[in-house]
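Participant: Take this structure, written in structure tokens, and hold onto it; I'll ask about it next.
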Amino acid sequence: MRNLINFAVLIMTIFIVSASGARETRMMEQTCPVFWPMVPCDANKCEQMCRDYYGSVPSYCNRIGTPIAECACSLTPC
């Protein structure tokens, strides 16, 4: 019985820590543009993806014409 209680406390602790880490990551994402890999980068698809994930925010294609092209969603200026 004691092991079961310890196991339950461990699972709850892991859940709480992981939830706070995810919240902190989302807060960090809101400080600069968020980059999504998109090869080739299509401006319309980039704009739609940013709108779907973050609402009405500016978007642009970064590193156009390279194998590491990205769609950037500008949440706030850095």
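A Cβ is built for glycine as well, from the same backbone N, Cα and C atoms used for every other residue.
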Participant: For the disulfide involving C50, grab the partner from C73, C78 as Swiss-Prot records it.
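Facilitator: Matching partner in the record: C73.
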Participant: Per Swiss-Prot, which of C71, C78 is disulfide-bonded to C46?
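Facilitator: So the cysteine paired with C46 in Swiss-Prot is C71.
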Participant: Which candidate, C32, C61, does Swiss-Prot give as the disulfide partner of C41?
Facilitator: C61
Participant: Could you tally the C-beta atoms, other than its own, that fall within 10 angstroms of the C-beta of C50 (disulfide bond)?
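Facilitator: For C50 (disulfide bond), the count of other Cβ atoms within 10 Å is 23.
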Participant: Round to the nearest Å and give the CA-to-CA distance linking C32 (disulfide bond) with C73 (disulfide bond).
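Facilitator: Computed Cα spacing between C32 (disulfide bond) and C73 (disulfide bond) is 9 Å.
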